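Peer 1: Below are the features I grabbed from TrEMBL:
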ACT_SITE  Glu453  active site, proton donor/acceptor
ACT_SITE  Glu462  active site, proton donor/acceptor
BINDING   Tyr306, Lys315, Tyr316, Glu409, Asp437, Met438  S-adenosyl-L-methionine binding site
DOMAIN    30-267  domain 'PRMT5 TIM barrel'
DOMAIN    282-482  domain 'PRMT5 arginine-N-methyltransferase'
DOMAIN    485-669  domain 'PRMT5 oligomerisation'
SITE      Phe309  site 'Critical for specifying symmetric addition of methyl groups'
Amino acid sequence: MAQQEISCGYEYIITADLQTCLTEALQCSYSFIVSPIIHPRFRRQSTNAGKNGGFTRSDMVLSPQDWTSRIVAKLSPYINVDSPSATVRQRHEDYLNEELSYCRGLGVPAIMISIHGRESNNLARILQTYYETSHHPSLIWACVPMLCSRTYRECTEDDEEEKAWNEPWYWWSKFHERLDWDKRVGVVLELSADLPSQEVVKRWLGEPVKAIIVPTSIFHNNKKGYPVLSRAHQQLVVSMVEHEAQVIVSGARRSNIEFFVQYLHRVWRRRPNPANDPMLSYARGWEDYLQTPLQPLADNLDTHTYNVFEKDPVKYNQYQKAIAQALIDVQKDRAVKQIAEYFQSKASCNVASINQCSKNELCDNNTKELIRDDPITVMVLGAGRGPLVRATFNASDITNTKVKVIAVEKNPCAVVVLAAQVREVWRNRDVVVIPGDMRQINLSPKADIIVSELLGSWGDNELSPECLDGASNLLKPGGISIPSSYRSYVAPITSPRLWAAAKIATSGIPQQKDKNLETLWVVYMQNKHDIAETKLVFTFNHPSKAVKDEEGCDKSDYRGLPLTNNRRQATLTWDVQQDNIMHGFGGYFDCTLYGNEMISIVPGTHSPGMISWFPVFIPIKTPMRVQKGDKITATFWRCVDSRRVWYEWVVEVGNRSTPLHNANGRSSEMLL
């Protein structure tokens, strides 16, 4: 959940009196403190670790509520269980287990542990055992510097400095990978006086950053003597907090500790205000929360779902504009045809002069009586509770056009609402409600315009192509479909949080975990980083064109409708610009309603303020480590049989390849 307010903690290097330190921090408006779990000068004997008691304070110095909500326990930073020395390694294992055991007894919410390098196999093994043997395990905060000073000192050229910024990410990513991207494990970043490139920062924003440590040494005093940060550090702090990171002030007391937290709160309040974006307000609380895609064709939507979608001010405004433009075009076409028919009835007119006459006569008031003012038939397919019917009537009023609206809806509950509105709200309008599946009804007269809102978060994943193709007999030849086309897109992303959430989204049995990682998930993605740009996958147009037979003629089905083919295959490639770990894809769509009117959830062209759709997360079973210069190749299939539709996908990076995901729709499918 995106933070409404910044959460700050203070790190005490030494806590002579823990109660006094906690009281001081709380009085200064800090939310928690970070404290060593044992005295920093305490050293165990080289053998029989833990034999002598009293290596730390009694847990009775604080109340249980304080231990479980306001204390982050910091383990001894010198512990290195992956030391090349066997003696040191075993001794530090004992130290670590002793401190973890004490933390387990205290019930602290988080345990901070230092990562010393890329070698962390033994540390990951011990922490995995800790999680397996603890009933209420704490979160693990793995602390790494943003800049590796050792690597930085070894750099001889400016081009090599990037290695010093990348090295801590390798420490963290390899450690997290060894723990199978466990969502209970997060990273804590210690900021440095210098900051890395934006690409490095964006990659960290894709990681589960639980907190950032802001040393007091990177503050400088303003003219009034208060501590402040540089503009670049302010922006970094705000970006991290927006991605749910907390802030920990650490280091020498160069000023009153209350001044630091007051300044950080002021920086947060002065950030660019996102309140004007309806999407951010609507999505608050839903960040990185996975949801199963709707199947409105197989299942009837409930009242709550209708109520949420009908609150979108942008989508229906765009639909209204598209319908208005379509009404104008239909009206113009009718006028041209009617005048042409009139002049054709005159023996003196030849065909060549009809077109010229009709164009000129359209502007002549004397010809208005030649144009019949017949209503334009608009069919709303999947009318729900009527928002598109209202948009059609609004467009009719704006364009001064007569319309006859036919609302088709299969959901019995929604049909009741539509019927009530016909009686109470639209009683002076020409509107008819037809209950039933749009694919199975046959109405006359045919529609001049059909309007639908059957799109899913990946465009076609709620079976809009199958629905509209099945209802093509309801549209006149040359009629208008709104939407007229839509396209799906993907981009490779890194997101340990989304991948870990998908893995355990439903039942915990191993077979179900595999199914979860072969399923599309609707999610408002916040904690993710795009590895490469967004690319087009599938395109659908309406009315659809029939497939051709061997002789080049259109094929038709048993009802005489055009036989369409909605199977698709697309292969995409991306060049990797930065070392990363790929956890899957972000999926998006855009849609041309009619003419120039569009709606989109593609990041670069997102319709401002539109809230009806979150993107989709398309996971891969085993995350793949990619390096700068690698080429990612992904193939997606849209498969169709007589009763269902499903997606399959496979990813290749160099000589490595994932297995085929969701083969034969074994894990996820959309029922026809």
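Placement of Cβ uses the backbone N, Cα and C atoms for every residue, glycine included.
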Peer 1: Roughly where does the domain 'PRMT5 TIM barrel' (30-267) sit in mean pLDDT, to the nearest integer?
Peer 2: 89
Peer 1: For the S-adenosyl-L-methionine binding residues given in the record (Tyr306, Lys315, Tyr316, Glu409, Asp437, Met438), what is the largest pairwise C-alpha separation in angstrom?
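Peer 2: Overall maximum Cα spacing for these binding residues reaches 24 Å.
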Peer 1: If you measure Asp437 (S-adenosyl-L-methionine binding site) to Glu462 (active site, proton donor/acceptor) at Cα, how many Å is it?
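Peer 2: About 15 Å separates the two Cα atoms.
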Peer 1: Are there any residues at least 6 positions away along the chain from Glu462 (active site, proton donor/acceptor) with a Cβ closer than 8 Å to its Cβ? List them or say none.
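Peer 2: Looking at Cβ-Cβ distances below 8 Å from Glu462 (active site, proton donor/acceptor), excluding near sequence neighbours, one finds Pro293, Leu294, Gln295, Pro296, Leu297, Leu454, Leu455, Gly456, Met670.
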Peer 1: Using C-alpha atoms only, work out the spacing between Tyr306 (S-adenosyl-L-methionine binding site) and Glu453 (active site, proton donor/acceptor) and round it to an integer in Å.
Peer 2: 12
Peer 1: Work out how many Å separate Tyr316 (S-adenosyl-L-methionine binding site) and Glu453 (active site, proton donor/acceptor) at their Cα atoms, rounded off.
Peer 2: 10
Peer 1: Just going by other Cβ atoms within 10 Å, which of the recorded positions Glu409, Asp437, Glu453 has the emptiest spot?
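Peer 2: Among the recorded positions Glu409, Asp437, Glu453, the sparsest Cβ neighbourhood within 10 Å belongs to Asp437.
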Peer 1: Applying a 10 Å Cβ distance cut-off over all chains shown, what neighbour count does Met438 (S-adenosyl-L-methionine binding site) have?
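Peer 2: The answer is 25 other Cβ atoms.
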Peer 1: Could you check which of the binding-site residues Lys315, Glu409, Met438 is the closest Cα neighbour of Glu453 (active site, proton donor/acceptor)?
Peer 2: Lys315
Peer 1: How far is it from Glu409 (S-adenosyl-L-methionine binding site) to Phe309 (site 'Critical for specifying symmetric addition of methyl groups'), counting Cα to Cα, in Å?
Peer 2: 16
